[in-house]
Amino acid sequence: MSVRNNSAITPELIAHHGLKIDEYQRILELIGREPTFTELGIFSAMWNEHCSYKSSKKWLKTLPTKGKCVIQGPGENAGVVDIGNGQCVVFKMESHNHPSYIEPYQGAATGIGGILRDIFTMGARPVAAINALRFGSPDHPRTRHLVSGVVSGIGGYSNAFGVPTVGGEVNFDKRYNGNILVNAFAAGIAKIDSIFYSKAQGVGLPVVYLGAKTGRDGVGGATMASAEFDDAIDEKRPTVQVGDPFTEKCLLEACLELMALKAVIAIQDMGAAGLTSSSVEMGAKGNLGIELNLDKIPVREENMTAYEIMLSESQERMLMVLKPEMEKQAAAIFHKWGLDFSIIGKTTDDLRFRVLHQGKEVVNLPIKELGDEAPVYDRPWIAPSPKAILKAEEVKEIENFGDALLTLLNSADQSSRRWVYEQYDTFIQGNSLVRPGGDAGVIRVDNNDKHALAFSSDVTPRYCEADPYEGGKQAVAECWRNISATGATPLAATDNLNFGNPEKPEIMGQLVFAIKGIGEACKELDFPIVSGNVSLYNETNGESILPTPTIAGVGIIDDWLKVVTVGGMQDGDIIILVGPCGSHLGQSIYVRDILNIDTGTPPHVDLQLEKKNGQFVRDVINRGFIHAAHDISDGGLAIALAEMVIKSGKGIRAKLSNISPRHAELFGEDQGRYLIAIKPNALNSLKELSQTNMISLTELGTVEGDALDIKDTLSLSVSQLTQAYESWFPKFMGNST
């Protein structure tokens, strides 16, 4: 927007910047005058939902954020958790939803770039990435294009940067037709005594610009991300950033090299709202002012205005407060890596955010009110209405369970994601232990003979729509369960809360109750939230997405040689169900996709049972009793058995308990359950241990033959199951199987 800095501020201009009239009035009272055009843009960026969390902050404060291994919780670029031996894991999940819908390749690519910068800004070398993707209905005309662009963008950036993508999720629903979700997670490893923070310290110290040059790409991106879409979506294309993974790789190496010299006082990546957000956050956290001279900014386009420079979201850039005596060494390092290094300002003691451009002062604002004292709202909310219970006995049984299982395996939500993850380099760096497609990604920890880390991300949006509180609990529980199924002890989590317009009380109610559920589960499971992101206004023409509070977590494995996978079972192993037999069909994919029923409550999450069963499974893995483990979630027992058969290439002969109706036992999505493939010689020890710990076990059958054969219920060969499972995605994307 080419508007002069002294232009009159009109109601139209205020609305264009996403500010409410009362917010603008607050600005006038705060500064005692009309803001300049650049100042208006700065307030718009810092006070929007994306940067200030003004609608969610009250509720986010209720989440558990502390734990025995937590070094740094929310409030920094990423969370930091102790993993022993003087090392820590640094991790976070963030959304890039709106940009990825507008421009899928660059939106997804820069989402990866942004989350990687959050990690190495803290002094950690990125070692793993996962992503949680939600697309519209497969038959929507834009869906295939969006899937192709997003997956290519993620692969293009992460592969070139050199970080393995070790897992993730892909789901489809018509409620994402006009607003897809791209949630990106990254983790890095650092030394505990070498963590770097964004809090500026010291007066009169140099503020340094690092990395790539500034262009006009992404101007207004943070404000765009805090508004719902309408029919003018294509006009927002210039707000999408453009990424360069090779420059980011150089930036990583330069930053880590400089950090090793102990030259860095504070550092912040330029993400949402670019230079504005990074400088304001550094100053506000340190109770310092910041003065910038925009004439010192390296730019790649001519005649850029102060507004454009301050709000550009050009990628691969950092802001740093540097020890003055290290200036020459620091400059030499960044120039060696082909990056810009420019001293663009200084810290001050007056708590003002002052910006100079072409010899004139274009910004002079109170820095605290821009940063950590931005407006916070207690928005009205309506408690979600409870759904009627769908009893399994009231659901008519179908005639052919084998056909139903094949249909689910060949569906958009349950089919193999091989087409997706084979476009990612999952083994770069050489530490990945498990191929994507299982319960969790697992990597070895460098400089440690035995330790490994496990990663998972999870949420079931249809549960959250039916009951946000129970859905929030379930998202945490399934993430915790997936990590446990590898043998890892869950340590901590990060959240990415994706919802619609919080100004609608029913949407705000979804957010409130989901956070309550997440908080309860995290407390009970000792799984604190150490970082996260909130993405609101995920609506198009007033239609909201499904509430999608994604939870990603990290676990520690003491001996990576003991890791088990979904596909590790051996002939003769005994298949055991840990937990109760299936009985709950409400909100299951079986009733949704086979019977076209979308009613009922989601399954209740018994957190005591989750904790007890998860600890038991980790214990038997550590004792070496089992060859394989799998959590039971979407699709219930039948899908879990089929996936173990497909992943191992071996058959299972089993029988049902007949405690519940057959369709409920097969497809019920009751929580807190696992399948394990136990070594025959360990069965008696397993039973003794289960009795001691009061664990419910059901012996289902044995690993034998070349089919999944459930007595008097279904019999499907490994090849039939595999063909159904592997064929949907390539066919959808136009490739032969």
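Note that Cβ sites are derived from N, Cα and C of the backbone, with glycine treated the same way.
Of the residues Q25, Q241, Q608, Q615, Swiss-Prot places Q241 in the same substrate site as S95, H96, N97, H98, R117, E313, S314, Q315, S535. Of the residues Y53, Y463, Y469, Swiss-Prot puts just one in the ATP site with K92, D495, G532: Y53.
According to DSSP, D495 (ATP binding site) is assigned to a strand segment. Checking each of the recorded positions (E94, H96, R117, D118, Q315) against G532 (ATP binding site), the C-alpha distance stays within 10 Å for E94. Non-local neighbourhood of D118 (Mg(2+) 2 binding site): N77, A78, K92, E94, A186, D269, G271, each in the same chain, at least six residues away, with C-beta under 8 Å from its C-beta. Excluding Y53, K92, D495, G532 themselves, the residues of that chain whose CB lies within 8 A of the CB mean position for the ATP site are, in sequence, L60, P74, M93, E94, T494, N496, L497, I529, S531, N533, V534. When the alpha carbons of N97 (substrate binding site) and N533 (Mg(2+) 1 binding site) are compared, the span between them is 12 angstrom. Geometry remark: H50 (active site) versus H96 (active site, proton acceptor), CA distance 11 Å. In this view, the densest Cβ surroundings among the recorded positions H50, K92, H96, R117 belong to H96, judged by other Cβ atoms lying within 10 Å.
Annotation for S95 (substrate binding site): same-chain Cβ neighbours under 8 Å, separated by at least 6 residues, are G111, L181, V182, N183, A184, N496, N498, N533, S535. The binding-site residues examined here are E94, D269, E313, D495; by Cβ neighbour count within 10 Å, the least packed of them is E94.
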